[in-house]
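According to TrEMBL, the protein has these features:
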- Cys28-Cys38: disulfide bond (DISULFID)
- Cys47-Cys56: disulfide bond (DISULFID)
- Cys118-Cys127: disulfide bond (DISULFID)
- Cys161-Cys170: disulfide bond (DISULFID)
- Cys199-Cys208: disulfide bond (DISULFID)
- Cys237-Cys246: disulfide bond (DISULFID)
- 24-57: domain 'EGF-like' (DOMAIN)
- 90-128: domain 'EGF-like' (DOMAIN)
- 130-171: domain 'EGF-like' (DOMAIN)
- 173-209: domain 'EGF-like' (DOMAIN)
- 211-247: domain 'EGF-like' (DOMAIN)
- 1-25: signal peptide (SIGNAL)
- 329-351: transmembrane segment (TRANSMEM)
Amino acid sequence: MLRSFCLQLMSLVWILLAHHQLAQGDNCSEHCNLAHGCCDQDGKCRCDPGWEGEYCEECVRMPGCLHGTCHQPWQCICHSGWAGKFCDKDIHICEHQSPCQNGAQCIYDRDGEYSCLCPEGFHGKDCEMKTGPCEKAGSPCKNGGQCQDENGFASNFTCRCLAGFVGALCETDVDDCLMRPCANGATCHDGINRFSCQCQVGFEGRFCTININDCASQPCKNGAKCYDRINDYDCLCPDRFTGKTCEIPIPEPTWAPPYHPANHESVVVVMKSTTSEMPGVTQLEPIRTVVTGRRVTNHSEKVPGGGLLKISVKEVVTQRDSGLSEAQLVTVLVFGILTAVLVLITVLLILRNWHRGRQRSNWCQSPSQAARKLQDQECQVGMLNTVLIEPRKTTEL
């Protein structure tokens, strides 16, 4: 029972929806401009490119069209009083806006264009600029500098320089190498608002700060370790190899057979005894070895091979040089003599001053001086006594 009721309800809803869509489709077909669009399944009017509106009845104007309309897509038909491709120019601009300044006369040309007849001393499209210092000087700024004089109303002009130039007229190129940006002995080349560095051998980079890795090519051979240097490298060779890149093998040492002199030969070794710079130390240095043809008579020392060998050692004692050359000895001697002379002169001056001091002391103690000194002492005593005596008092009767 319930199932049958649900099926009937769903059928009724479907019938109502179908009727509504059919009604919408009929409404779309009646109002939609089928020449510029079409109706979709939902009953909506879908416009072709260049048309717009609810029923595709309006054309799309040219992009940028301000004061115009269209009859076909992408048109711009100007309204009255406007001209130009985008209908953005007022053909009555001289009457409505009067764009010319400083008393200039506005003249309408055509298609919304105009020109201004400037009075003397003014220029520009709207006569807004005065003939000031920049115009009178005839573009004085150099190297692309811009002349500024407040549209001619300033008393003097100024130059706005491009990057890399300075000066009143932008005439001076800034030395970009002044701060020495290039490192490691590189040469700096100045340019316009830039510089370049010419690096020394072994360096690279914008500022020549990168040391080129000379070990990158792996020059060391036979397992040697490479150490990078400036434009060079060193190889730490393993055992049994040598050379710049450790490419030379060191041969194994070979031992020569011992020397066996004949029965009639003897060996004499001459040694030189040298006194070292350190006291009490003597160094022995071999000078030469002499093999003589004299038969050895001492049979206490036998040499394998059947021969008898006699070794004699001679010691030659030599003394090392003192270390001072003849010129140095003469220099030391001259300085010694000069020092002795200065000391002698100093002693003589001291003795002379001491002798004069004693003479002056004796002269001060002469008899006349002693008598005068005694007299002064007596006068002082007499004056002292006079002051100390008190007068006697008298009484008149």
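Even glycines carry a Cβ here, placed using N, Cα and C.
Keep in mind that what you see is a predicted model, and the values were worked out from it rather than measured.
Mapped onto this structure are the features recorded in TrEMBL.
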| residue | record | DSSP (3 states) |
| --- | --- | --- |
| Cys28 | disulfide bond | helix |
| Cys47 | disulfide bond | strand |
| Cys56 | disulfide bond | coil |
| Cys118 | disulfide bond | coil |
| Cys127 | disulfide bond | coil |
| Cys161 | disulfide bond | coil |
| Cys170 | disulfide bond | coil |
| Cys208 | disulfide bond | coil |
| Cys237 | disulfide bond | coil |
| Cys246 | disulfide bond | coil |
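The Cβ of Cys38 has fewer other Cβ atoms within 10 Å than any other of the disulfide-bonded residues Cys38, Cys118, Cys161, Cys199, Cys246.
Cys38 (disulfide bond) carries a strand DSSP state (E or B). Within 10 Å (C-alpha to C-alpha) of Cys47 (disulfide bond) lie the following disulfide-bonded residues from Cys28, Cys38, Cys161: Cys38. Non-local neighbours of the domain 'EGF-like' (24-57) in the same chain are 72-74; each lies 6+ residues outside the stretch with a CB under 8 Å from one of its CB atoms. Cβ neighbours of Cys237 (disulfide bond) (same chain, under 8 Å, six or more residues apart in sequence): Cys220, Asn222, Ala224, Gly243, Cys246.
Around the Cβ of Cys56 (disulfide bond), the number of neighbouring Cβ atoms within 10 Å comes to 21.
In three-state terms derived from DSSP, Cys199 (disulfide bond) belongs to neither a helical nor a strand segment and is classed as coil. The average per-residue pLDDT of the prediction over the domain 'EGF-like' (130-171) is 89, rounded to a whole number. Cβ neighbour count for Cys47 (disulfide bond): 19 (other Cβ atoms within 10 Å of its Cβ, all protein chains included).
There are 21 other Cβ atoms within 10 Å of the Cβ belonging to Cys127 (disulfide bond).
In sequence order, Cys38 are the disulfide-bonded residues from Cys28, Cys38, Cys118, Cys161 with a C-alpha within 10 Å of the C-alpha of Cys56 (disulfide bond). Put simply, Cys161 (disulfide bond) is 30 Å from Cys118 (disulfide bond) when counted between their Cα atoms.
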